[in-house]
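See structure below.
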Amino acid sequence: MTKEVVGDKRSFSGKDYQDPPPEPLFDATELGKWSFYRALIAEFIATLLFLYVTIMTVIGYKSQTDPALNPDQCTGVGVLGIAWAFGGMIFILVYCTAGISGGHINPAVTFGLLLARKVTLVRAVMYMVAQCLGAICGVALVKAFQSAYFTRYGGGANGLSDGYSIGTGVAAEIIGTFVLVYTVFSATDPKRSARDSHVPVLAPLPIGFAVFIVHLATIPITGTGINPARSLGAAIIYNKDKAWDHHWIFWVGPFAGAAIAAFYHQFVLRAGAIKALGSFRSQPHV
């Protein structure tokens, strides 16, 4: 999800390693490059496919476990199957798009990387737009193919489950997104990539597995958002009051979790704050 580090692995030394320079906040030259628009297309298509497969899985599970249609409710894929669908699709799509767009597929991931200066503001905003549009189109395809079941079973929209407070829902989204974005930073750390040649290849695996684990933990609470595009796409296409109740949770929670993960990785684990402070003190001041 970040630029690949190329170098001679045999001569690598922790003392010799230097972090790649941070991306500028604004870089208008990106708008004139085909690679930028190719990355936007990749994010759009990846998010579309992600929502299509996962929401179709959710709708299929609910139809299989509907007592009116299937008295034997053990025929569904269950929560485990839904979690595998979400985690598996992230693994596949990150693997396919990492070399083109970085494989974000999630506005919260993009936001975390923006705070860490891994992407420019222009790219981050355009990625989020592409992701949200892709999510809307993906859910629209599900509704087109499963129109009767889609409305009947809630359109795969996120919502706060009965018995849980708003605070619990927000906390679940913050912690779940923290786990995901923290995993993204760790799996794509350029220093680890320079030291261990297998790390870039295996990065999609822990990222997908993090999504899988978080879904197991939070599906009973919020249906698991941790991806504002996923929540927005389902809410817009389903478009019932229930889908919009507490919808803000699925934006505030993921963005807060991503911000905390970015701060923790950059300024605690990587000691970025200490380096920045040392650099500031070493500069002459007038």
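From the backbone N, Cα and C atoms, a Cβ is placed for every residue, glycine too.
Taken from Swiss-Prot, the feature compositional bias 'Basic and acidic residues' applies to 1-18.
Marked as N6,N6-dimethyllysine by Swiss-Prot: LYS3.
According to Swiss-Prot, the phosphoserine annotation covers SER279 (among others), on the basis of similarity to another entry.
According to Swiss-Prot, the phosphoserine annotation covers SER282 (among others).
As annotated by Swiss-Prot, region 'Disordered' applies to 1-23.
The annotation topological domain 'Cytoplasmic' is assigned in Swiss-Prot to 1-38 (among others) on the grounds of sequence analysis.
Among the features that Swiss-Prot reports, topological domain 'Extracellular' is placed at 60-75 (among others). Each residue in the topological domain 'Extracellular' (60-75) has a pLDDT score, and their mean in this model is 73.
For 97-124 (among others), the entry in Swiss-Prot reads topological domain 'Cytoplasmic'. Same-chain neighbours of the topological domain 'Cytoplasmic' (97-124): 1-2, 4, 22-28, 30-31, 36, 38-40, 42-43, 46-47, 50, 90, 131-132, 177, 180-181, 184-185, 200, 203-204, 226-230, 254-255, 257-259, 261-263, 265-266, counting only residues six or more beyond its ends whose CB sits under 8 Å from a CB of the stretch.
According to Swiss-Prot, the feature topological domain 'Extracellular' maps to 146-165 (among others), an assignment based on sequence analysis. Taking Cβ pairs closer than 8 Å, the topological domain 'Extracellular' (146-165) reaches residues 54-56, 58-60, 62-63, 66, 139, 220-225, 230-231, 234-235, 237-238, 240, 242-243, 245-247, 249-250 in its own chain, all 6 or more past its ends.
What Swiss-Prot lists as topological domain 'Cytoplasmic' is 187-200 (among others), and the listing cites sequence analysis.
Beyond the ends of the topological domain 'Extracellular' (222-248), by six or more residues, the same chain brings 47, 50-51, 54-55, 86, 105-108, 128, 131-132, 134-140, 142-143, 150-151, 154-161, 164, 166, 169, 172-173, 176-177, 180, 211, 214-215, 254-255, 257 to within a C-beta distance below 8 angstroms of the stretch. What Swiss-Prot lists as topological domain 'Extracellular' is 222-248 (among others), and the listing cites sequence analysis.
As annotated by Swiss-Prot, topological domain 'Cytoplasmic' applies to 270-286 (among others).
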**Asked** What counts of helix, strand and coil residues does DSSP assign across the topological domain 'Cytoplasmic' (97-124)?
**Response** 14 helix, 0 strand, 14 coil
**Asked** How do the residues of the topological domain 'Extracellular' (146-165) split into helix, strand and coil according to DSSP?
**Response** 9 helix, 0 strand, 11 coil
